[in-house]
Structure formats: structure tokens, C-alpha cells
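Quick look at what TrEMBL lists:
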COMPBIAS  A:339-348  compositional bias 'Low complexity'
DOMAIN    A:1-105  domain 'HPt'
DOMAIN    A:350-596  domain 'Histidine kinase'
DOMAIN    A:598-732  domain 'CheW-like'
MOD_RES   A:48  phosphohistidine
REGION    A:132-153  region 'Disordered'
REGION    A:330-352  region 'Disordered'
């Protein structure tokens with residue numbers, strides 16, 4: 001049970017992360033003036049779910065804070081508190097505290113000090129948002145008042161059942177003045193309502209439950225039953241009177257009526273021996289659900305949380321076993337290894353169940369599955385054609401392929417995870433620098449290898465800090481320069497071939513090259529007479545020990561600078577590019593390898609060697625007719641594509657491969673990148689499939705013209721062409737020849 | 001190997017030949033020894049990089065070690081094999097003519113490499129003389145001089161400029 | 001045959017908690033992750049009891065209850081609301097929509113079991 005709960009709790013934490021992301025997006029939208037009912041409801045739901053799960057897992061502090069936060073959100077949702085900039089600001093800082101509470105619940109951080117946030121929330125509730133808090137100079141224009149959300153809540157007095165609930169506390173009854181003597185008893189009168197019946201509340205079940213507590217039916221009053229003609233089978237007419245021994249706690253009796261109150265008639269009267277039944281003293285029993293305080297208390301007996309690390313090793317051992325079996329006894333069908341306990345400890349087959357796994361174990365698994373695929377095809381080759389057709393082999397191949405596909409998809413994650421901490425960072429930076437900073441995010445759903453996501457966090461933080469601190473001007477400077485007072489930082493991600501481009505773009509002052517150069521000379525990074533291009537000067541920012549700020553600021557000057565970004569990114573096999581326009585801003589681009597990304601590829605043969613073309617770049621394939629490919633100079637050709645002349649590249653030119661095939665016997669694949677189109681002459685097209693990109697950087701270094709390599713089903717390696725480089729290199733590519 | 005050598009040895013090396021010369025690398029760096037299998041050629045790389053091979057799902061470069069050391073390229077034959085090594089976490093396969101033995105040596109036996117022995121003396125960690133088994137099982141008391149390679153210095157990423 | 005319960009909650013951890021604790025009490029569990037999905041699953045599995053959350057995307061618990069009650073076949077199916085909400089106003093809305101009972105999260109497995117037996121013997 002504890003394992004199951006641990007796993008479920010791990011899922012809860014994943015949900016918290018998602019919930020926090022949703023809440024933050026919603027709050028950011030609210031800050032930007034979007035106070036639609038949907039946006040508010042989304043934030044409410046996210047916080048509400050966190051509270052619900054936190055309660056179930058006994059995180060009292062998190063529950064309590066989420067509860068207070070939810071109260072404010074609920075009032076905003078109901079239109080009782082206007083989401084003014086001041087209120088949204090309180091909610092944003094509450095969000096930050098909520099995030100901290102989640103970290104605490106995970107056991108990753110000490111308990112945050114939430115006193116200030118709680119007080120601010122309390123104040124919002126008390127003021128009903130009337131007081132817009134301290135002036136928020138940089139806040140956007142006041143948001144319009146929200147439209148009332150959903151149905152107006154019915155006040156209790158307008159209860160359509162005509163029943164007015166009366167506040168009632170169980171405490172008044174739980175401690176009887178005198179210990180219940182066995183001679184004391186309860187008298188219970190119960191008349192279910194029509195509504196309870198309509199809602200499938202079966203009164204007999206309640207009677208039965210009371211009976212199990214020891215009640216006996218004293219009387220059934222049927223005087224309300226009308227004549228047959230007027231009888232409505234869906235209405236309630238009976239009134240039961242029961243007697244219950246006095247030692248049964250009143251709360252147990254109340255529990256039985258939990259669902260039928262308040263619209264039913266329920267009277268519970270205590271009869272003491274000394275004072276025998278003085279007729280009925282009706283006590284309306286209406287509320288037995290826990291009070292808010294009780295809702296925050298953990299009700300499930302929990303075992304302390306221990307992070308789940310799956311024992312994938314056992315799984316890999318199984319894969320290895322399968323590999324070994326296949327290799328050792330290729331002709332003997334081997335029964336699948338029986339699942340062991342450690343391999344399948346999952347309590348329930350839930351669709352969105354998650355588990356955290358060590359990356360290195362995933363890698364190992366992926367490699368082993370790759371081996372399995374290869375053994376599979378070797379086995380197929382060794383069998384006679386008749387045996388090959390038998391159902392087991394195609395089935396085995398299909399299953400293996402499915403395992404491979406699944407394992408491949410395990411490492412890819414949306415880059416959103418790396419971006420998620422940026423909004424909060426910018427809020428803090430905004431306070432620290434006094435600058436108003438707007439954030440724009442593009443391409444958050446770009447899927448990147450999990451390892452890359454984890455490693456770009458620090459470089460990204462530095463780039464953002466750098467942009468906020470050095471890139472953007474102060475509000476005064478911006479106004480003086482005729483720019484909008486608020487600076488913008490645009491964070492974007494996109495995949496191009498086997499690379500991922502992560503950009504941090506500011507619309508600030510741009511790089512002051514004079515000053516950068518002077519500083520570099522002063523620091524001895526370059527000689528005083530060095531002649532540098534603009535790009536080279538910009539790159540100096542990433543030189544070790546370089547800092548342009550006049551004073552070491554608290555923000556980006558913590559003894560490390562952009563040189564750390566560069567070294568981190570290079571350690572990932574990537575590089576940093578800087579593009580700056582004076583007065584307009586600076587863009588830092590991290591170009592990273594997608595070490596294990598999956599690519600939709602076209603497998604082609606060039607001079608009988610297999611290559612992968614990223615399908616995203618392929619426009620069309622043509623079989624050239626005689627004369628369609630024309631030579632425009634001794635070493636350049638074009639293909640006539642319905643009047644458009646597209647440069648043609650041959651394998652010989654690209655890789656110095658031996659290619660004497662006539663173009664009419666070949667196929668021309670038209671590929672496109674942002675630099676234009678190229679027709680690539682290939683021998684044949686073998687296949688179209690998803691391939692795992694294996695970075696060449698991992699064991700070698702990046703090679704121009706290649707986006708990586710992949711391992712095909714037969715174990716051989718196919719190189720992935722970098723279309724970007726291929727197109728860009730048209731007319732200036734210098735073939736170096738292949739290593740022989 | 002004599003008992004004396006064995007007890008005194010504090011590190012093991014794998015010895016192999018390139019042409020007539022015997023080399024050694026630290027046993028700890030060796031991952032496995034494979035048969036020669038034609039690697040997939042790569043464009044735009046120095047000629048000593050023969051291409052890439054699939055090692056259990058890893059794409060590893062295969063290096064013609066003789067060429068890398070500035071000698072005549074190895075001629076492939078039946079005993080040609082690939083030493084798969086790990087250098088600072090990166091894996092590479094080295095094409096060698098023949099793998100000879102695993103030998104225990106002591107650090108004290110290693111002599112500094114003479115400057116003139118190779119084009120790039122920095123790739124040689126030092127020299128060590130080992131006794132070798134003759135075909136009749138007796139020992140050649142003169143032993144063989146083994147050039148110990150500094151794998152770090154052979155790291156392929158040091159040749160980015162050459163490759164670009 | 002043990003009773004079949006359909007649980008509708010947008011939180012996977014909550015669905016699993018329910019499934020774990022109710023399976024241990026001998027119930028068969030089906031689940032759905034929002035109101036719309038819940039309504040579909042109602043028709044597919046025709047459970048003996050529906051347990052639903054209130055705050056869910058697409059179709060919330062109130063709407064789901066109303067929709068289920070609108071199907072003659074499910075008129076007599078007990079519906080329990082399981083929510084962290086506890087205001088009278090919300091409970092009244094649930095009742096008006098057709099909920100049989102209300103359980104406040106976080107729940108205690110034994111009390112949940114007792115509540116279920118109260119509406120679904």
C-alpha cells in the first residue's frame with residue numbers, strides 16, 4: 001500500500017507542476033488584462049486541485065495556504081472581488097508562495113514564510129478588493145470588472161426546497177452533560193423529501209443503516225399518503241419514528257442523514273430516564289460535513305513520502321534476457337519472461353499515470369532495445385523464407401518496434417518545463433531593477449530531450465538575467481529614446497532539423513561595441529590593436545571573466561557571466577550566437593543538439609550509402625525528364641520546376657562520393673530551408689520512418705553538413721543530412737572528400 | 001609473466017601492434033575488442049577518422065590509430081581489430097593491427113618518452129619494457145619496448161580545428 | 001458481481017486514490033477525467049454509482065449530474081459528489097442538479113465506504 005501511495009503521490013506532484021503552470025499562465029493573462037470567466041476559472045481549478053490532493057496526502061501547510069488562496073479566487077470567480085491590478089499582484093505573489101509550498105511538500109525546500117502572503121490574501125478578502133493595494137506604477141491599465149460568473153449563487157433563504165439551513169455544530173452534541181446511561185435513548189423522526197428521492201436517495205437504506213446502529217422502528221406514519229388517484233410514485237409520503245439506544249453517539253446518527261439533509265424532516269431527540277420523553281424537541285440536523293478547518297486536516301493515514309525511482313534495471317534485465325534468448329536459441333520460441341513484482345508494481349492501469357526514472361536507465365534501455373531490433377532482423381535473415389512468413393516473426397518484429405517507439409518517446413519533454421521558472425524570475429528582476437519587463441513566449445511545446453531541458457536551466461537563467469539587467473534600458477532611458485516604457489523579453493524555442501534553437505531576445509539598447517572592445521582591451525582579452533568585426537566584438541561578451549556593467553550588479557554580476565553560458569552550452573555540444581542591433585536590442589541564441597530527438601525522416605541512398613533527410617524539409621520528389629536538369633556552369637546545375645529554377649546538388653559535390661549515375665536515372669528530392677530550396681540528387685528512396693537522432697557530438701564533435709546519425713533496423717548507421725547547412729552551402733561548399 | 005612481476009604490478013596494460021611497433025594502453029580505459037567491421041564513412045573529417053560504427057546503440061568514431069599517430073595507414077588483415085576505449089566519457093574505436101596481451105606493470109618501470117620518437121611526442125606517456133612470450137613458451141629475456149599511449153592526448157575533440 | 005463505481009475527477013492522483021481505496025473495499029472501478037468523458041463513460045459502463053468531482057474542465061460536476069439525471073435510465077443511479085468544496089451554496093446547487101450525497105475531500109477510506117453503502121447497498 002505504501003508503494004502505491006508513494007506512486008500516487010508522485011503523480012500528484014506532477015499534477016502540481018502542471019497546475020502551477022496553468023495557474024501561472026492564467027494569472028499572467030489576468031495581469032495582461034484578460035479577466036474572462038474562463039481564465040479565472042482555470043486558475044481557480046488549478047489551485048483547487050492542488051489543495052484537494054495536498055489534503056489527501058496530508059500536506060497541511062500546503063492545504064492551508066492553497067485554501068486561503070482558493071478563497072480569494074472563488075470570490076473573484078463569483079464576481080465579488082474585482083480582479084484589479086492590485087488584487088492580481090497579490091495573487092501572483094501568492095502563486096510564488098504556493099509554488100514554494102509545493103517544493104516543501106516534495107521535501108525539496110524548507111517551509112516558506114507565507115505570513116505576508118496570507119496577510120495580503122486576508123486583506124483582499126476583508127476589503128473585497130476595494131482597496132487596490134499600494135500603487136503599482138507599472139501595472140497595466142485597470143482591468144474591466146468581470147462579468148458575473150455562472151449562475152448567481154442562491155442565498156440560503158431562497159432555497160428552492162423552502163428549507164432554511166440553520167447553523168449547527170456537532171460540538172454541541174458530542175459532549176453530553178452526563179455520560180449516556182444505557183437507559184437513555186434517542187428518538188428519531190425522519191421524513192424523506194421528494195428531492196432526496198428524486199436524487200436516488202433511498203430512504204430504506206438510511207433506515208437500514210440506523211437499524212445496524214441499533215435502532216428499531218417504532219412507528220411509520222402513512223397519514224400523508226394520498227388516495228391512489230393522487231399518488232405520485234416519485235414523491236415521499238412516509239414518516240418513520242425510530243428509537244435508538246442512548247449510547248450511540250449523536251454524530252453517528254447524523255452521519256446516516258448526511259445526504260438527505262437539509263430538505264428532509266429529521267428530528268433527533270434525546271430521552272433521559274430522569275426526564276422521560278417530553279414530547280419532541282425538534283433539532284434540525286443539517287450539516288455534518290467537516291468545517292473548513294477540518295477540511296485542511298489530513299484524513300488518510302499516510303506513510304512518509306519517498307520519491308519513486310523505478311527499478312527499470314529489472315526491466316532492462318528482462319530486455320537483456322530477451323536479447324540473450326534470441327541470440328542463443330534463434331529457432332526456439334522462448335516464452336516471454338514472467339513479469340516480476342518489481343517490474344510491474346503499478347496499482348492501477350490509469351491513463352495518465354507517471355513515474356520518474358533515472359535518465360541513464362532510459363538510455364540503457366533504449367540502447368538495449370536497439371540491439372533487440374537488430375538481433376530481430378538478423379534472426380529473420382537466418383530463417384528460411386517459409387519460416388520467415390510464420391506469424392511469430394512478424395509479430396515479434398512488430399512488438400519490438402513498438403517497444404522501440406515507446407522507449408524513444410520517453411525522453412522527449414516539452415521545453416515548457418525549462419521556461420516555467422522564467423515568469424517568476426522576471427517578476428523578481430522587475431522589482432530588483434525597477435524596470436517594467438514584459439515576457440513573450442513562443443514555442444513552449446517544442447519537444448526536447450529531457451537531459452537538455454535539465455541542463456539549459458542555468459544558461460537560460462543567465463541569459464534572462466543578462467537581458468533584464470544589461471540588455472533593457474531603464475524606463476527613463478527608454479522614454480528618452482522614444483521607446484515604449486516597458487521592455488520586452490521574448491523567449492522562444494524551435495526545432496530545426498537535429499538542432500534546437502532557444503532564443504532570448506530583448507528590445508533594449510543593443511550591445512555597445514565601443515565599450516565592449518575597450519573593456520576587452522582593458523581586461524587583456526584582446527590586444528589594443530586588434531581589428532575585430534562587429535560579430536567578433538559581440539562574441540567577446542562570452543569571453544571568460546568579461547563583464548560590461550560599470551558596477552557589478554546584484555543580478556547578473558555574481559562572479560559569473562556569459563562565459564558560463566557559453567561553456568555550459570558547449571558542454572552540451574551546442575553553441576551560442578549573438579545578434580545585436582544598436583538601439584534595437586540583442587538576441588542570444590543557444591543552438592543545441594537534440595541528443596535523442598526523434599526525427600521523421602526519409603531514408604535515401606546517395607552513391608549507395610544511406611542517408612536520412614528530415615521529412616519536414618522535403619517539398620517533393622521528382623523523376624527528372626531528359627533536359628529538365630540543366631547545367632548553368634561547369635560545376636553547377638539547376639532543375640526546372642514548373643518554371644522555377646532550383647539549384648541541384650549531387651552527392652559527389654556534397655561528400656565527394658563516387659556518383660556516376662545519370663541524373664535521368666536518379667530522383668531529385670526538392671528540400672527547403674529558410675535559406676531557399678535545393679534539389680538533391682539521390683539514387684533511390686528506401687523508406688520513410690521515424691529515426692532516433694544520435695548526436696555525433698556525444699563521442700566525436702559536430703560535423704558540418706550533418707545533423708547527426710541514426711541506427712537503422714539492420715544495425716547500420718545512416719547519417720542525417722543537415723538541410724540548413726546544405727542549402728546555405730550552395731555555391732560555396734568546398735568538398736573535402738570522404739575519409740577512405 | 002614471472003610471479004615477481006605479477007605481485008609488483010600496480011597497473012595493467014593492453015598491448016597491441018601497429019606495423020612493427022608495440023603499443024600499450026591502460027586496461028581501465030578498454031571497453032571491448034571487436035572485429036573489424038567497415039564503419040560508415042563521414043564527410044568533412046580528417047582522413048584518420050574512418051567513420052562511425054554502432055556500438056550497442058552508441059554511434060562511435062572509428063580511428064585509424066596508425067594514421068592518427070602519423071604513420072602509414074594500417075593494411076586490413078584477418079587479425080585487424082578495433083579497441084573500443086573510453087576517453088573522458090567519450091567512446092572511440094581504434095583500428096590496430098593485432099592485440100597481443102594484457103600485462104601487469106609497475107609505475108616505476110615507466111620511462112619518460114624520448115622527444116624524437118614520434119611526430120607528436122605528447123601522445124606517448126612513456127616507455128616500458130616487458131618480457132614477452134615466445135612461440136615455444138619460453139621468455140624473451142630482452143623483452144619488448146612498449147610505447148604507452150596517452151589517451152587523453154588522443155581525444156578526438158582536440159581536433160575540432162582539423163575537422164571543421 | 002461486485003458493485004461498479006464510475007469515478008470522475010480531473011486529477012489522476014485522486015482517481016488513483018479512489019481506485020486504490022475502493023478496490024480494496026471490493027468495488028469495481030471505472031474512471032473518467034472530466035465531465036464530458038464521464039457522461040460518455042456512464043453510457044458505456046452503466047455503473048451502480050457515480051462519484052464525481054465538481055471543479056473540472058470541459059463539463060463541471062454540476063453539469064454532469066444534470067446531464068446524467070436527464071437520462072431516464074440513470075434516474076435511479078445514486079450520485080455522490082466528492083469535492084474539496086464545502087459551502088452550502090455549492091451543496092445546494094449539487095442537490096438541485098440531482099446529487100444524492102456530498103463527501104468533502106480529503107476523504108477517509110472507511111468513511112467513504114460507509115457513505116457509499118448509504119446510497120448503494
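Cβ coordinates are placed from backbone N, Cα and C, and glycine is handled just like the others.
Remember, TrEMBL labels are computer predictions, not curated facts.
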Within 10 Å of the Cβ of residue A:48 (phosphohistidine), how many other Cβ atoms are there?
28
What mean pLDDT score does the domain 'CheW-like' (A:598-732) have in the model?
81
Quick check: in three-state DSSP terms, what is the residue listed as 'phosphohistidine'?
helix
Using DSSP, what is the helix/strand/coil residue split across the domain 'CheW-like' (A:598-732)?
20 helix, 72 strand, 43 coil
Could you put numbers on the helix, strand and coil content of the domain 'HPt' (A:1-105), residue by residue per DSSP?
89 helix, 0 strand, 16 coil
